[in-house]
Amino acid sequence: MFFEHCQEADDFLAGLERRNEGEPEFLQAVEEFVRTVMPFVLDHQKYIDAQILERMTEADRIIIFRVTWEDDLGQIRANRAWRVQFNNSIGPYKGGLRFHPSVNLSILKFLGFEQTFKNSLTGLPMGGAKGGSNFNPKGKSDREVMRFCQSMMIELHRHIGEDTDVPAGDIGVGGREIGYLFGQYKRLENRVTGILTGKGLSFGGSKVRTEATGFGSVYFCENMLGHRGDSLRGKTCLVSGSGNVALYTVDKLHTLGAKAVTLSDSDGFIHDPAGIDQDKLRFLKDLKEVRRGRISEYAERFKGVTFHKDQTPWGVPADAAFPSATQNEISAKDAETMIENGVQAVCEGANMPTELAGIHQFLQAGVLFGPAKAANAGGVAVSGLEQSQNALRLSWSHQEVEARLQGIMHDIHAKCVEYGENPDGTVNYVKGANLGGFVKVADAMLAYGAV
Ligand code: NAP
């Protein structure tokens, strides 16, 4: 069984629920974590004595503020913004900013919590954080987005710093937003420093940062399959989303000889049985990164492609799946369908895209399941490399950064195997990633005493 019954875990989670009422995403993320690490914690009295799980599930600090800005019609608008500084035991806080109308405290707490262990897995000295706003950049002009970002940074700049907290992008925050945020920070502080990652290449950004999460997710899947003596070559793959993570997942799948046949956005999904090749990707990058269009336009542009309104891609038969849009996009029912259709590997490009019951089904069916903490850690890993380059005032080549990314994904896979290998030689990557991330953070917290 994936979740063995454990009274201590039940009691802990009941207390957590009382302390975090009405925060379902946060409770879901902690439940997945606690149910896998509790047996290990119970075997190590030092963690019990230090109340390590109670402390790890309480954010260090949460900053909530109002962002007031003016739209193109001259009307005053107000949004809510947050920075959840979750845990800085192993390094300065690090984690993205998300701009989406659905953003709330529960979502940012789940993301900040997960980020802590993901960052630990990279082997780089980074703590965990997440932030963002319920601001919706969709349909806004560049000027409106700029005014929002500038106003947000007027408050945010007090709480961040290259040795304190280094935000990056996430849903709704790409190169354009990072440029506006960084420009405003520089103006307020009169310092040019590595305060955000995902910056443009002309002002301190790292090569391969844009591609890193998608590339890393495919490398992780290739590692999981390789451990079984298989590879991605010739495999048909489902990808959801059509943003940063999804497009560079498709890109690397094509390079490694696999065939991505779907992409999606919140309007529906496209199915291209011929596969998305580099020519089609060029169209997609222009559509999504420059024109900010909708995925349905892909079906209008290319022959043999169908658009399925208000549906997700999980019913299309395939060998592997890369959920790369948002949380809880694969339900238990979807997981059942995918298993029936013979899916062999699922690699989470997005954060927490699979419901707990879906994870349970994949593990029970022996599907290789790469959890987000491990599978999408490539993005933050290259962000860490961007911080190093900024501190050194150097810029590494594309080849150098990509080789480091590949090495980090390989090491994360090895860590998951170290902590997640079953007696029969199969690997529970959920357990491996949670324990592999936990130990380093927990031991740092013990070293600091009661803080
Ligand atoms: P993005 O560029 O903004 O793209 C997000 C994509 O997902 C868009 O196609 C969007 O469609 C779709 N989407 C978002 N919310 C949705 C919803 N509620 N329902 C259906 N579709 C939805 O964002 P991203 O950077 O690719 O991030 C995607 C996922 O990867 C997120 O879970 C993020 O936390 C995770 N992640 C990102 C990075 C990174 O480096 N960027 C690193 C690690 C993990 P619409 O345009 O219709 O909204």
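Here, residue 1 is simply the first one shown, and the rest follow in order.
For all residues, glycine too, the Cβ spot is worked out from N, Cα and C.
Caution: TrEMBL annotation is automatic and unverified by curators.
Among the candidates Lys94, Lys138, Lys140, Lys186, the residue that TrEMBL names alongside Gln115, Lys118, Gly169, Ser383 for the substrate site is Lys94. Surrounding the centroid of the Cβ atoms of Lys94, Gln115, Lys118, Gly169, Ser383, where the record places substrate, the chain contributes additional residues within 8 Å, namely Gly95, Gly96, Asn119, Met126, Gly128, Ala129, Ala168, Thr197, Gly379, Val380. Checked against ligand 1, the recorded positions Lys94, Lys118, Asp170, Thr213, Asn244, Ser383 give Asp170, Thr213, Asn244 in sequence order as having a Cβ less than 6 Å away from one of its atoms. Between the alpha carbons (Cα) of Gly169 (substrate binding site) and Lys130 (active site, proton donor) lies a span of roughly 10 Å. Around Lys118 (substrate binding site), the C-beta neighbours below 8 angstroms that are at least 6 residues distant in the chain are Gly128, Ala372, Lys373, Ala374, Asn376, Ala377, Val380, Gly437. The shortest Cα-Cα distance between Asn244 (NAD(+) binding site) and any of the recorded positions Lys94, Gln115, Asp170, Ser383 is the one to Asp170.
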